[in-house]
Amino acid sequence: MKKIALLGSTGSIGTQTLDVIREHSEHFQLVSMSIGHNIDLAKKQIHEFQPEVVSVADKESMHKLQVEFGDKVKVLCGEEGLIEVATIESADVLVNAVLGSVGLQPTLAAIEAKKQIAIANKETLVTAGHLVTKAAKIHNVPLLPVDSEHSAIFQALNGENHEQIEQIILTASGGSFRDLSREELKHVTLEAALKHPNWSMGAKITIDSATMMNKGLEVIEAHWLFDIPYSHIDVLLHKESIIHSMVEFVDKSVIAQLGTPDMRVPIQYALTYPKRLERKTGDRLKLWELGALHFQPLDLERYRMMALAYEAGKIGGSMPTVLNAANEEAVSAFLSKKIDFLSIERLIEQALEHHDVIKEPTLDEIVEIDQRIRDLIHSKVN
Ligand SMILES: NC(=O)C1=CN([C@@H]2O[C@H](COP(=O)(O)OP(=O)(O)OC[C@H]3O[C@@H](n4cnc5c(N)ncnc54)[C@H](OP(=O)(O)O)[C@@H]3O)[C@@H](O)[C@H]2O)C=CC1
Ligand SMILES: CC(=O)[C@@H](O)[C@H](O)COP(=O)(O)O
Ligand SMILES: [Mn+2]
């Protein structure tokens, strides 16, 4: 029985992780979970999965759950709660499906506690990839990708040495506005941005897909997960999201991973690796029904966010921390209808321009920069 700690159980990846646990209850057991504010869903999840420890974002929600569950469940809150959920003694693996760089410190704590890490939370790797990968090496803990593209690369690599890789090719759907020009992007709405053509996901990542920052974050995530220089990470537009990504090897062989767009596949693979478990649910891929798959090279003028992300990644140090924090705050402002779509990119660009890079930032420096950039963006949008 594999025992699972889950950060972000009420989210898109969190609920799908619980689907996987439910379908294979003879193999997996939930021992702890964290949520933000969705108390109603959390109550149902606690009744069904009976975790030992639950963490919520604020004290008020904590008191409500304490009243409801008494001493059947330990209920905590805030960062301390996230860390306790992530490091609970009984867990073998942490599924990190929380949103944003708030996932960083619980991830580091779980690595130190020698938990395997199944990581969906890309912001953690973007903001402090050097700290996370270093800690994982020191504590001999595997970082198992959940993000669909990185799971595809992980499966295509199948343990091959990174010296055998010519390039990693991340596929990108292009998001909700893939067929619009930059001129047309001036007038798009939040409602339209939230309609991803292929995937049903949380609001923040759906906006990231529309701006293409999602792919930018994924380039940095791939750099850290697979230890590959940015010059060997490419992005290819593929509007169907059927090929989840590919690896070209030095002998010019290319291996791709395909499947219908269903996050339960990579979530489950991260939990069963190196084995596979049969799924009785989900759609099989029927290529004959699709007929054709389409590909287009990436235009960095059109997708300005990609250029910013590559640049921040290549500069390295604290630059990706700034990129991520500015993006999290700018997207949050767009979701609250405080700014228009193209202002997301403008705010990030300004934050990057004015940042003095720290080469190898410590955890304290990352926490300080993250907060400073959030405050900066906040002051500009309010
Ligand atoms: N959705 C997808 O298909 C994919 C997502 N990812 C990545 O996975 C991560 C999660 O994405 P997704 O599931 O879409 O996001 P959602 O917004 O659907 O869910 C986020 C989860 O995190 C919780 N949460 C949010 N903010 C905080 C906070 N400050 N403190 C504590 N908990 C918090 C939410 O709680 P609550 O709702 O209770 O407030 C919720 O449980 C992201 O990093 C994303 O990039 C990667 C690949 C695919
Ligand atoms: C499901 C998943 O992994 C998302 O990151 C998805 O890939 C978003 O798609 P695009 O960013 O390609 O639109
Ligand atoms: Mn992805």
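A Cβ is built for glycine as well, from the same backbone N, Cα and C atoms used for every other residue.
TrEMBL entries are annotated by machine, without manual review.
The annotation domain '1-deoxy-D-xylulose 5-phosphate reductoisomerase N-terminal' is assigned in TrEMBL to 4-129.
For THR10, GLY11, SER12, ILE13, GLY36, ASN38, ASN121, GLU123, GLY202, the entry in TrEMBL reads NADPH binding site. Neighbour density for THR10 (NADPH binding site): within 10 A of its CB lie 22 other CB atoms from the protein chains shown.
Under the heading 1-deoxy-D-xylulose 5-phosphate binding site, TrEMBL lists LYS122, SER148, GLU149, SER173, HIS196, SER209, ASN214, LYS215, GLU218. Non-local contacts of LYS122 (1-deoxy-D-xylulose 5-phosphate binding site) by the CB criterion (under 8 A, 6+ apart in sequence, same chain) comprise ASP147, LEU217, GLU218, GLU221.
Taken from TrEMBL, the feature domain '1-deoxy-D-xylulose 5-phosphate reductoisomerase C-terminal' applies to 143-226.
Of all Cβ atoms in the protein chains displayed, 27 besides its own lie within 10 Å of the Cβ of GLU218 (1-deoxy-D-xylulose 5-phosphate binding site). Residues or ranges marked as Mn(2+) binding site by TrEMBL: ASP147, GLU149, GLU218.
What TrEMBL records for 258-375 is domain 'DXP reductoisomerase C-terminal'. Here the domain 'DXP reductoisomerase C-terminal' (258-375) has a mean pLDDT of 97 out of 100.
Across the fold, the C-alpha of GLY202 (NADPH binding site) and the C-alpha of HIS196 (1-deoxy-D-xylulose 5-phosphate binding site) stand 10 Å from each other. SER12 (NADPH binding site) sits 16 Å from ASN214 (1-deoxy-D-xylulose 5-phosphate binding site), taking the CA atoms of both as reference points. All protein chains included, GLY202 (NADPH binding site) registers 15 other Cβ atoms within 10 Å of its own Cβ. Cβ-based neighbour count (10 Å, all protein chains) for ASP147 (Mn(2+) binding site) stands at 28. Checked against ligand 2, the binding-site residues THR10, GLY36, ASN121, ASP147, GLY202, ASN214 give ASP147, ASN214 as the ones with a Cβ under 6 Å from it, listed in sequence order. With helix defined as DSSP H, G or I and strand as E or B, the domain '1-deoxy-D-xylulose 5-phosphate reductoisomerase C-terminal' (143-226) counts 44 helix, 11 strand, 29 coil.
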